Structures are given as structure tokens and as C-alpha cells.
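According to TrEMBL, the protein carries these features:
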DOMAIN    23-97  domain 'Cation-transporting P-type ATPase N-terminal'
TRANSMEM  73-94  transmembrane segment
TRANSMEM  114-132  transmembrane segment
TRANSMEM  277-298  transmembrane segment
TRANSMEM  304-332  transmembrane segment
TRANSMEM  781-801  transmembrane segment
TRANSMEM  842-863  transmembrane segment
TRANSMEM  944-962  transmembrane segment
TRANSMEM  974-992  transmembrane segment
Amino acid sequence: MLGCCNKKTNKSLDELKKDIVIDDHEISLEALLKRYSTSGTAGISEGEAASRLRSDGPNALTPPKQTSKWVKLAGSVFGGFNFLLWCAAIASGIGYGMDLSMSEDEDVPKDNMYMAIILATVVSVTGLFDFYQDRKSGNLMDSFANMIPPKTLVVRDGITKEIEVKDLVVGDLVRFRGGDRVPADLRVTLARGLKVDNSSLTGESDPQSRNTNFTSKNPLETKNLCLFSTSVLEGSGEGIIIRTGDRTVVGRIAALTTQVDSGPTPLAKEISHFIKIISIVAFTVGIAFFILAIVYEYPLLKAIVFFMGIVVANVPEGIVPTVTVSLTLTAVKMRKKFCLVKKLQAVETLGSTSTICSDKTGTLTQNRMTVTHLWFDGKIEDAELLPPNDHYRGDKKYWSNESYQKLIRCATLCSRSHFRVPEFEVPLAKRSVNGDASEVAIMRYCEMIRGDGKVDEYRKEMPKIGEIPFNSTNKYQLSIHPLSPQQNILVMKGAPEKILKLCSTYYHKGETKNVSKKFEREFQKAYETLGSFGERVLGFCDLEMSTTKYPPGFEFNMEDPNFPIKNLRFLGLIAMIDPPRPGVPEAVRVCQNAGIRVVMVTGDHPITARAIATQVHIIEENEEVTEIIVADPKCDPGSDEIFGKGRLRQTGAIVVHGEQLSTMSPKTLKAIVTNYHQIVFARTSPAQKLQIVESFQSIGNVVGVTGDGVNDAPALRKADIGIAMGIAGTDVSKQAADMILLNDNFASIVTGVEEGRLIFDNLKKSIAYTLTSNIPEITPFMSYVLFGLPLPMSIIAILMIDLGTDLWPAISYAYEVPESDIMQRAPRNPVHDKLVNKRLVMFSYLQIGAIQACAGFTTYFVLMMTNGWFPQDLLNISEKWDNKHIDDLEDSYGQQWSYENRKALEACCYGTFFFTIVVTQWADLFASKTRKNSLIMQGLENQVLNTSVIFTCILSTFVLNTPFVNEVLGVQGFRLEIGFLALPFAFAIGLYDEFRRYFIRQFPGGYIYKETYY
């Protein structure tokens, strides 16, 4: 029956990405009423409404399918690196079972059982913590639902009634007024001073007037449409509903937001890559030793136990808690700097970001109109700037000028804005003011010039006698006030060209002169100059009324004016703009120095957008700019354009209008984002913002998006990291984002970028430190299998290192200060610069790890020799050593050792090897503090790391020498001089790494750099 009212369907993602195409605002009102079989006065009948409701469904947003919380819990506990740890835990459990099946005695070593239990516990706790963090992010659709008003006034069968918004249908005639929310997309049929706030959908911060006139093909900009969920600021109106529920503009945005996804974070990809590397290494080494065990004629079950033992020993059990705690600590640190991270892995993503697509209003700017320029006496003057967070203490430069005084008098009186309450202790910029953005800016400026409370005092001295409010037809506002007991004054402000037409004279340096052609040219030049700054300009004029024609007590008729509104006296222009936030230009420059491209994507006008972009260095001041603002008749917009030809001139900067973007081919947009480094997209729709993000991602960029409105939600979701505004942001944008700026300031993003890069660097250091101990942990098992040595170190001792002595030091890197070049580097390349790469593994395993293994075996053999066992006599003795029935095994001196004494010595070996790794890890801890700088340059200010050395020393002493504890853990103390043998190796590690970093700094790109810089 109705051309657009099909039953709700799940639109494809590609369809949702296209801008909405309708003609309901273009056709005549009669044609619209006919199309929807409705009446402009009586609406539709109740019966017809019920039929359409059954056909179309309720006027509500359809929630997407939700993933079960149990599935999410399983993903948190068993996904990512946790899966590898679960495999290790299961392998340890199977190993313990095999030990039981192969042993004839009841006293079977419980090392594997302890390993399985501890690993399962650690991975479960960290998984539950991740699940808890994910659950806190909330449900996106709840935020959209909160935007919908519960009830509205509808006309059916000619009778006005209040019904629930969900029961509205296409063709309904609804009534609304200031304070309401628009209940559906509707065509305005009647408007009385109607203004709406479309900022959440379009990014347009100014109140938008609405009437019955068709003014634009774009449904978001035409004057005769009101959109679902937008706020009615003032006035009243009626309209015919043309779209409901999921088919409305906000419904399409909601559907688009819930369907798009950025995919795994860069850190999640790195963890996945790490899992592959560790798995390959673990299984390669494990299979090699399984084959060797078979060659050495070990029983099959024992060979399988060896295989699983090697695999488990290769898995760094402390990595998951280290990564989780490090990210959490960084998130806490960022929270103190006004960056609230909703998803832990997003902490690192900002550091990987290579392009930031930033909204303008409220992010780069203050979201507060401020007077910036004045034009009087034929000159453009810089206005005194209102401090955003302080009281004004500067000079009042123009107060002595008579022309300026008359301009300020007019601006003070001709205004409907007012302060809600006296708040003189609060900075003027933060005081609560009622009125629209332009009037509030002028009000604050006048208060700053006159002094606290003086505007209200001045208005009381000259109270308003009558007023004609601003409307889109007149384009001016006027009011009449008593100038003296004998005379009244008319003051007017409005669109500059309109004000000038109403004036026959102008005030110049104390004289009233007739408007001339020369003055009109000067006016036009000033107006165009201020407009080119992207500023909103208002004109001001007055008329000191005749004392005879309009004496005190004269009754002014504001409906049908009985007083002159022409031949007025022009006073000047006041220009204002939403200025950049303090610190934003510097922040943009820091991002650019760090290799990050900052792109403006806004719903605002191209001129304003370009002006602000220039002020904050997104576009350099003297840069030649390509503008694609209007259609070029010489160019086919749908063709694939090439950089350097046609519209895409070879310049460094470009400004693109949303209407032109909508006709561009994907390849043309790709050419723009690839070749231009200073980019502004203006008048963009939600679908276009998403399209821009996808285009940057298609060329390999890691994209961050800032936004505060519903229109930003799809792009926030699709971005690698979405950044919402905490103060001005809508609930929808906050739910869609990964991070929230609590102070709405772009400058805070720089903090996030630095912290993101720092956590990536520090995680590299943590992993390099943690992996190093894998070699001295694996080699004892290798020596046991290959050379038949008595086992130098137990699985329990390995756990004591990985989840005990190594854990605090590994986490302490989260407190490490950045290296000096962290914000001068280009963003890391996700393809080549991995969290764990071949160089890191080779460095940790075959360099530092090899030195630690040598240290461990040195102390092991020395301990054995001091007890009568020479190295050559330990070869291939393990079978006899572990035989409980041999109590007379002879050492190198012919002394006989019982099984019990041998195992006591073995426990000492465990303790020695354990302590040696702890000592050499101290050197590794300080060596890994920096990847490039000298340790002297980096310094030792990380007190958490310094304290961790004391902690590991106390913990290892406690483990080795506390009765009962050492018995349970199967380790024993030893003579101190043997432990001292580890110190030369620790010194060698520190010295070797210092020389390595020296050569990396001296010869960047050289052999050592290529082979060891990770």
C-alpha cells in the first residue's frame, strides 16, 4: 500500500553504508498526503493506524542478536594465549597420569600435578578478570533506546490524543513543542518559531530552524524535515510521519553501528602471532627430543612424557598475568590523565595509531562560541579573548572609543540571553547562561568588558519596552529601550547584509555619516574577510528615536510595527567562532612529529572547518589547498580520478565536501587518503564517516576516531580505536567507543598515544625478559634426556621462577619511563614491527638465555664436584641415580650414596640452579630496561623495578632456607660461595647488552642492529 513502508527487514551492511535516499521532502505537501493516504488536519483513522502498525511493526529500534554471556566467558577464559596455557595444563595433567601408570611405587613425583593445578588457576583468574572488564562496557542498543521519547501527541480521526511513541505509524499527524523529542522522521506541515538541535545526528552545533520550505536535497539539512530523537529547542510544530523505527535516519545509524566491527585489536593480533611463534618453537623442540628419546631407546610412554615436559617448559606461564596487569596499570595511569579506557587492549592500540580522524566541535574546539573580531571605524580589530578557565585580567583596549561603546551598548541590550544565577567566583566562560550559542558568546564578551554583574545592571537601567525576536524570514532581532527619561532607542542585530540594507547612515569616529558606495565596499571586504576566517558574523545598528513622535509612554506595536525599522544607523560587526581548545595546536603538532596524520571529519561548513584546521595545524598556514566543494562540470564524479590530474591537484592539502564525497568512486577516495597528508572532510554524514575510516584502513593505516554524537557511532565502532567525549558525548557514542576523553580535549590523546607506545615497548621488554629464562629452564631437561645427567632443576622450581621471582620484575616494566625518541618515531608498522619477532626470540633464547644456561650448569657441576661427582662420571647415570633400589651408587672418589642422599643432593642442585637463574635474571632485568638507550641514559628511576630485585632476593632466600617450605617445593639451600659463581655471568650479561646497544646507536641499520634490535 505504501511505497516505503515494507515490513522491517535486516538491511545488508552495504545498503546501510549508503546515504539515505528519499524524496518525501521534495514533493509538494498535497502529493505527500496523497502518497500516505492521510490528512494534514485530521491525520489517519484508528483503524488504518492499527493496520499499518501490524504491517510495519512498532516505531522502535530492533535490538541485534546478543552473544550469550557464557560464550563471552568461555572466550575470555579459553581464548588467545590462555588456550596455549590450558594445553600446557592438560599436558602436565596427562604427564602426571603417565608417571602414575609407569611407576610401580606409590610415591610418584607430583611436579606435573602441581603445574597443571597452578596453570589452570592462573589462567582462570586472568580470564575472569578479562570477562569482568568486557561486561562493564555495556549494551550499545540501550543507549539508542534512551534517546526515544516515551509518549507523544498524535491527531487521529481529527482528535488529538497522547499515545506511546512505539505505536506511531507512517502517515500519522503529530504535534510537538519546545522540550520534546521528535518521535519519528517527519515532514513539517506547520511551524511556529520552530528550532531543533540536530547536533547528535549532523555535528551542527547551532540550533536549526525548521519550517515548511524545501531547502536542500540532503534530508539531514533541509528545513522541512525533523528527524527521530532530535530535540525541539523552542517553538512548536506539526508534521506527517514519513519513517518509523529502523527505517528512520537514527534507526539506520543504530543498525550500522551494531553491524560494523573493527575486528581484533592490534595487540590481539600480536598476541595471536606470539602464540604461533611459541607454539612452533615448543612443538619443534618437543618433537625433536621425542625422536631423540626414541633413538636413545627410552620407552614410548617416557618419550611422550619428555615431549610434553619440553612443550610445557617452553610456554612462558607468567605472560598472561604480566600482560593483563601491565595493561591494567597503564589504564589506571591513563585514567589519571583524563583517558578512560573501556577495553584493556585498547591501551596499546592508540600507540599503534597512524591516522586520527577527529571531529571538530567540542574536540578540537571548545564547543563554546567566543567573540574573536570586531569591525568598527572601518577597521577589523582583535577582540579581547575570554579565558576558558580563568577570570579576564587584561586591558580593555577599545573602551575609550565612542564607536566601540555604541556597538557594545547595542550588543548588551539587543539580546535574549541571560545569566541563570550570579556566579562571580566561577570563571566567566563556565557560568551558566540561557540563550543560543551566538547570543551567549556576545553576552559573555559584554560581561567581560563591563565587569561582573554589570550587564544585568545596565539592562535594568534601560529595560526592554518591546521586542521582535529573530526569525528566518526577517533575519534580524530588535528591541526598544529607554535611552533617557525623554528618549527611546531602537537596537537591532542580525545577518550583516540584511542589517546594512536597513541602514541609511553609519557611525564613524564620533560622526554619523550617510552610507556610500565606498562604505558598502569596505563593509563587503570586512564581511568577506571575517567569513574567510570561518567566523559567524552579526551586524549591529541602532536608532535614537524622535522624542516628539515616540515620547516616553508611547505604545509600540510589535505585531504590526508602528515605528521605523529602516533608515537606521549602522554601528559595526561582531564576529565569533568556536575557537580551538588551548593546547590543541601543540597536540596536533606533537602527533605529526610522531608520524600520525590528523584528519578533520566534521559536519560543519567547509569554510569554518578549513579555518579551524589551519589554526590547529591540520592544514599548514601557507599550504596550497585543493578544494572539492562544488560539482565540477568537466569531471565525471563517478570515474576513478588520479592524483595530479583533474580535481585532485598536486597539493599538500585538500578540503572535501560531503555532497562531493557521496558521488566519488572508492578509488578516488583511496587516492585522496593515500596522497594528501592534510585533509579536511566537511558536511559529512554518518555513513560517509564510516566510509572514510574504511578507506584509511584499506591502505594499512591503524585508525583512531574521535566523536561525540550519534552520527559518529558507526565510525567509532569501525575504527581500530574509537574515542568518545566524556562531557559533551552522547551515551551512544560512549558505548560505541573503546576509550573516553573525560575532559573532551584532543590534547589528552597525545598522552594516550605516548602511553600506548610506551606499553608496547614495555611489553616487548617484559616478554624479552620472561623468554630469556626459558633456555635455562629447558636445558636441564635436555641434559637429562640427551646426556643422562641427574635432573639439574625441577618443574616446581620452573614454576617458582615463572610465577614467582619473574612475575613482579616483568610487571614492573609497566612503570618504566619512555625512551627519549618515543614520540619522534613513526607509528609502528603492524606488518613488520611485531610484539614478538624472530630477533627478540633469537636474542632471548640464543644470547642472554644461553649465558644464563651456562651459569646454571656451572653452579650445578661445581656443586656436584664439591660433593664428589665429577662431570664425566655424571654422564648417563640418571637411570641408576633415580633407581630407589640402589643404595650404594659410587661417586668419583668411590664413596657410596644412598637413594635418599642422592635425592637430597639433587634438591640442592635444584636450589642452586634456581638461584643462579634468579641472579642472572637481575642482570637481564636491567639490561631489558631499554632497547636502544644506554642504561646510564635511561636511568634507574623506576623504583618498582628496583624494589622487585629486593623482592626476588627475599623470596628466593625464603624458598631455599625456610623449613617445610623448601621440603614441599623440593629445593634445598647451598653454600653461599657456590651461589656467588653466578655473579660473573650476571656481569657478563650486563656488559654484553650495553655493548650491543652501543653498536645499535652508533650503526643504525648495521649488522648488529639488523640481527639483535627487537
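Every residue gets a Cβ built from N, Cα and C, even glycine.
Sequence-distant residue pairs (6 or more apart) of the transmembrane segment (277-298) and the transmembrane segment (781-801) include at least 3 whose Cβ atoms are under 8 Å, placing the two stretches in contact.
Within the same chain, the transmembrane segment (781-801) stays apart from the transmembrane segment (974-992): fewer than three Cβ pairs sit under 8 Å, each pair at least 6 residues apart.
Sequence-distant contacts of the transmembrane segment (304-332) (same chain, at least 6 residues past either end, Cβ-Cβ under 8 Å): 81-82, 84-85, 87-88, 91-92, 94-95, 98-99, 102, 112, 115, 118-119, 122-123, 125-126, 129-130, 271, 274, 278, 281-283, 285-287, 289-290, 293, 298, 341, 344-345, 347-348, 755, 758-759, 762-763, 766-767, 770-771, 774, 777-778, 781-782, 785, 795, 798-799, 802-803, 806-807, 810-811, 813-815. Beyond the ends of the transmembrane segment (842-863), by six or more residues, the same chain brings 281, 768, 771-776, 779-780, 783, 792-793, 871, 874, 905, 908-909, 912-913, 915-917, 919-921, 924, 927, 974, 978-979, 981-982, 985-986, 988-989, 992-993, 1011-1012, 1014 to within a C-beta distance below 8 angstroms of the stretch.
Mapped onto DSSP classes, the domain 'Cation-transporting P-type ATPase N-terminal' (23-97) shows 45 helix, 1 strand, 29 coil. Taking the domain 'Cation-transporting P-type ATPase N-terminal' (23-97) as a whole, pLDDT averages 85 in the prediction.
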